[in-house]
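Listed in Swiss-Prot for this protein:
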type: BINDING; residues: 69, 71, 87, 90; note: Zn(2+) binding site
type: BINDING; residues: 494, 496, 498; note: Mg(2+) binding site
């Protein structure tokens with residue numbers, strides 16, 4: 001529903017028959033009411049003009065050419081008039097042809113049909129409201145082969161009845177033919193049947209209309225309350241059955257509350273009037289050679305009208321038409337409407353002559369290429385761009401890299417204002433020429449503009465709020481957006497070709513919201529569960545594992561370091577280093593590699609956590625200067641002759657030294673920030 005004056009909103013829900021009729025019906029100056037589509041025809045095969053009362057009728061949906069009626073008469077369109085003018089001969093309104101994009105029609109069904117979304121989709125709303133098995137309802141609606149003669153009896157207490165029937169029952173054709181005529185005349189039997197007995201969608205509609213939602217909610221709540229008081233029986237199967245019943249009651253209460261809150265009646269889930277979409281949304285196009293290409297919806301609408309008109313003829317001649325034939329025709333109408341709404345939901349879809357399934361209304365609106373995601377949510381907007389994302393591990397968590405070509409387009413208005421404000425350009429044209437020529441000064445101004453201006457990155461589909469996050473942009477070379485890999489968890493993105501959209505917040509309020517609430521380093525936890533979102537990826541974990549890997553032989557295998565030279569194996573003593581810088585310098589000079597075992601002098605507090613607590617060292621070496629070296633599994637201590645500790649060396653690798661240095665620098669930087 002769209003309100004032009006206040007604001008625009010789109011609400012999807014059930015529409016009443018009166019609302020559907022109000023969408024389509026119009027009253028001509030002659031008093032004739034138009035809007036009902038009664039013929040299955042589209043265009044005349046010779047003139048290619050819309051057929052009267054057909055799916056493209058100009059009286060119902062508006063003129064094909066602005067100001068021209070079906071007769072070919074012309075009258076200037078005056079949108080300022082309060083009342084439109086109509087052609088006296090054909091009844092077509094003299095108005096703009098664009099009304100065919102929103103003017104609707106309707107088909108008056110000869111029998112009520114259930115809306116397949118509310119019957120077959122799980123959970124089935126109709127089955128939940130009526131508290132009946134879905135299989136029984138389907139057999140009632142479609143007259144399935146399993147229960148071909150299933151009817152629903154609803155005696156009305158206020159009126160006299162001769163049959164004490166209530167609920168589902170089966171009948172045979174012979175019983176109707178021989179039993180009831182003994183008590184009723186033909187007209188009396190028809191009146192009795194329409195009052196007491198129903199089948200198909202009519203039976204479901206009557207059941208839904210008889211529901212008192214408040215009473216249903218109160219009774220269901222009392223039943224749930226009684227079950228909740230029961231203690232577990234100890235039998236696993238019985239307890240599961242009771243839990244399923246309780247879950248069903250909770251779903252039923254929620255559904256009834258939704259109907260009461262939205263002021264929607266349950267019987268609206270059964271259609272008596274079928275809306276017909278505007279012609280421009282289901283076009284028929286003529287190509288070269290006179291060939292007509294049509295939307296699948298037109299063929300599905302035609303099938304509905306054909307079957308509905310056949311049912312109308314059967315009902316008009318009901319005295320001579322077998323009851324079973326009427327029931328089968330009602331089923332055909334139900335199946336045609338189901339195929340129009342959601343083709344294939346009940347099994348095999350309806351196909352065309354090329355064995356291709358028809359594209360139904362559900363197929364048009366759902367999915368990535370549907371009306372909502374592609375046409376409504378996927379529209380292009382100003383100050384936005386889109387590109388492939390690539391990994392940028394050197395970037396801070398809150399920064400992203402924007403290509404120069406994209407950044408100059410997104411921030412062009414701000415750059416122009418900067419050029420004119422600094423008197424580097426006389427007017428708008430000069431500023432645009434400078435940008436087009438890519439003069440060096442524009443990159444300096446662009447960096448100044450981007451310095452305090454965050455951007456929003458979005459990856460579709462946006463399933464939660466972390467699908468859109470703010471970043472501080474920087475200029476990079478290339479044509480891809482550079483992103484830190486740790487922020488990919490919130491976007492559910494990876495670097496195998498994923499694309500992301502960039503949006504520039506313009507107002508100060510939007511920029512403040514992006515800076516204080518949406519920056520990526522402030523969204524490290526999931527808002528739903530509280531679990532960390534920024535977690536290391538698999539390639540990070542693999543890199544850390546390789547960086548910190550060591551020889552599994554321990555102290556017994558790395559006392560001496562083997563290396564190969566000309567197919568000969570030599571042994572060098574494991575080197576000693578005094579600091580991180582010495583280790584990294586030796587790595588740069590290729591004296592060692594990341595996996596080389598080394599002894600590193602350690603000046604801090606040593607806390608050793610091992611699986612085996614050793615009271616004595618593995619080995620004690622004595623030197624000539626009365627210095628002893630106590631060698632343990634992961635460290636060694638040098639002591640003087642009095643037992644005082646002179647130095648401490650730990651066994652590690654160059655890769656672990658590099659990793660530990662990065663961790664220490666990050667922690668110290670965080671402490672300085674606070």
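Yeah, the Cβs are placed from backbone N, Cα and C, and that goes for glycine too.
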Sparsest Cβ surroundings (other CB atoms within 10 Å) among the binding-site residues 69, 90: 90
With residue 496 (Mg(2+) binding site) as the reference Cα, tell me which of the binding-site residues 69, 71, 87, 90 is the closest one. 69
Cα-Cα separation of residue 69 (Zn(2+) binding site) and residue 494 (Mg(2+) binding site), in Å? 57
Starting from each candidate's C-beta and looking 10 angstroms out, tell me which of the binding-site residues 494, 496, 498 has the most other C-beta atoms. 498
Same chain only, sequence gap of 6 or more: which residues have a CB within under 8 Å of the CB of residue 87 (Zn(2+) binding site)? 69, 70, 71, 73, 93, 94
How many other Cβ atoms are found within 10 Å of the Cβ atom of residue 71 (Zn(2+) binding site), counting all protein chains shown? 12
Compute the mean position of the Cβ atoms of 494, 496, 498, which form the recorded Mg(2+) site, and then list in sequence order the other residues of that chain whose Cβ is within 8 Å of it. 389, 493, 495, 497
In Å, rounded, how far does the Cα of residue 498 (Mg(2+) binding site) sit from the Cα of residue 90 (Zn(2+) binding site)? 55
Rounded Cα-Cα span from residue 90 (Zn(2+) binding site) to residue 494 (Mg(2+) binding site), Å: 61
